[in-house]
Structure formats: C-alpha cells, structure tokens
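Reviewing the structure listed below.
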Amino acid sequence: MGSDFKAIPLIDISPLVGKIDDPSMVNDEDLLQVVQMLDDACREAGFFYVKGHGIADSLMKQVRDVTQKFFQLPYEEKLKIKMTPQSGYRGYQRVGENITKGKPDMHEAIDCYTPIEPGKYGDLAKPMVGSNLWPKYPSNFDVLLENYISLLRDLSRKIMRGIALALGAPVDAFEGTTAGDPFWVCRLIGYPVSTDIPEEQRTDTGCGAHTDYGLLTLVNQDDDICALEVRNQSGEWIYAKPIPGTFVCNIGDMLKVWSNGIYQPTLHRVVNNSPRYRVSVAFFYESNFDAAVEPVEFCRERTGGVAKYEKVVYGEHLVQKVLTNFVM
C-alpha cells in the first residue's frame, strides 16, 4: 500500500521465467527490466498481474471449471470432504463458515495445504497434520490439482527469485532456511450470487478486507467477473479487473517482515455483485513452515538500521490464523 495507485501493473515475466535459473542471468537486460518492474509494483501497489508465466491458459481454465463443477454438486456430496479440526483444517467449508475480522464471508471453499506427517515440526504443526481431502467428483480433480499446484510452486519460486534481486539480495535469498522447503496453501473458492444466499446469512462481502499471511499469492480468477478489490493509500478501492491468461499476484505479511517494510502487503477484499457465480483459485507460496522470519540485515540497513518487526515463526502465525478463521 505504498501509493495512490489507480491501476494494477501488468508485467510480462517471460524473460524471468526463461532465465532466472541461468547463472549468467545477471547480465540479461530483459530480465533486469522485469526485476525493476517487480520492485516498482511491490513498492507502489503490492499487487501486479503476470503474463508470459508459462502456465497454459487452457490449464488455468480447466482448474476453474472443475472447481465450479464441484461447487454445483449437491450439498450432501460436498460434505463428504467437510473441513474439521480432525482433517487438519483441510476440505470443504460452506458459505459463512470462513470469518474475516469477526464477520462471515459469503463464499464456499476447499482448503488444501502442504501435507504434514504426524510428528513433523513437533507440536508446532499438530493442528494441521494430515493430507488433503480431494473430492470423488469431478473424477480428475486430484490429479489435475496436484499437477497445477506443482507448476505454481515452481512459478512462485521463480518470481520470488526476481523479488530477491529487486530487493538487492542474492537470487537465492528466499531459499535455504527461509523458503527452501516452501509451505503452500491452495484455496478453491466459490462466490454465490447474493440472492442465492438466505437473507439472514447475507452480507455484502464475499471475503472481508485482509492481507495475506505468506510471501506471494497467485490468483487464477474468472475471466469476466469483476469482484476483487485492492485498497490504495487514500482508501480507494481499485478493481483488479480480470485479464484473461494472467495471474493476479500480491505480496504478503512474511515479505513485509523479511524486507523490514520496504515492501508492504495491501488490503484487498472480494465483493461479488455479479448476477453470476464466481470462481477464484488462490495459491499461496509461503516460507518454510518452521522458518523464523525476521528483518534481514541488509534490509534493516536500508531502513534506518532498526528492525521494525519482531521475529515471526511462520507456522505459529498460520496456525493462529487457521484456529480463529472458522465457525464450524
């Protein structure tokens, strides 16, 4: 939320996607231009679109389509993968079960996380131990989503390499103990038409104003429904209008801490005033689950020499949010 931006920048990241893992990439002018655009976007808006990302438009649409087909199933069928504390907070949640700042959100969703084996991370991860609950229908759901998530993990890693360079850090600064084993979250979200929600439950907000927890979010949204809004420094809400074939990206809380506030996450919300059901698939690229994220030295030096934020263990941050996010 660094400026009074009126629009969200669009960045063609194809030079970065193609060359960021090449040791000679520091001399590539096209790649360095993308890095500069990432820096500008992270400072000014905290949001940006990416094209040239290498994920097929047909795959992005297929993921949205199977998500919509699942939400069209009878309620009893959807409840077969119902989210519970026993499921590690993975699975289906009905409209109004997710809460933002005390108010129910008018969406339904499937929540997926990096699978966690019992005992991994000790007590830190105990509430989230488990594997993802994939629906039986549509029949290709699990294979499709697992492939999609794998591709987005790698794309996110490449974008974070560009963001590392934008901050003046080594290209692999977000690897190793920070995000060498990145945790991920994927939320498949459906926003019903408001008139389809019982009046006693209805609010005007599909998802209340919030910032994201981790490093980077990539949103695959319907091509033709405006609903995602981003707040600029003056408090105006700016539409993140759909641009077919792009991801809407935004930075999160962990990047704010790591950069000592050089990059700030931006408040955003979803208001679905469309007469049609809306689908959005959000992929969250996080630090290592057990990473202790704190302002790094060279970012402190660039911001007055003092850490503006205390150390945060990402897994503690996530578990605290998850345990207070739902009414079941």
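Cβ atoms are placed via backbone N, Cα and C, with glycine included.
According to Swiss-Prot, the Fe cation binding site annotation covers H210, D212, H268. The annotation 2-oxoglutarate binding site is assigned in Swiss-Prot to R278 on the grounds of sequence analysis. Marked as domain 'Fe2OG dioxygenase' by Swiss-Prot: 183-288.
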_Assigned conformation of H268 (Fe cation binding site) - DSSP reduced to three states_ = strand
*Which site among H210, H268 has the most other CB atoms no more than 10 Å from its CB, taking these as binding-site residues?*
H268
*Quick one: Cα separation, D212 (Fe cation binding site) versus the residue listed as '2-oxoglutarate binding site', in Å?*
20
*Which chain neighbours of the Fe cation site, leaving out H210, D212, H268, have a Cβ atom within 8 Å of the mean position of the site's Cβ atoms?*
C207, A209, T211, T217, N250, G252, P265, T266, L267, R269
*Where H268 (Fe cation binding site) and the residue listed as '2-oxoglutarate binding site' are concerned, what is their Cα separation in Å, rounded?*
17
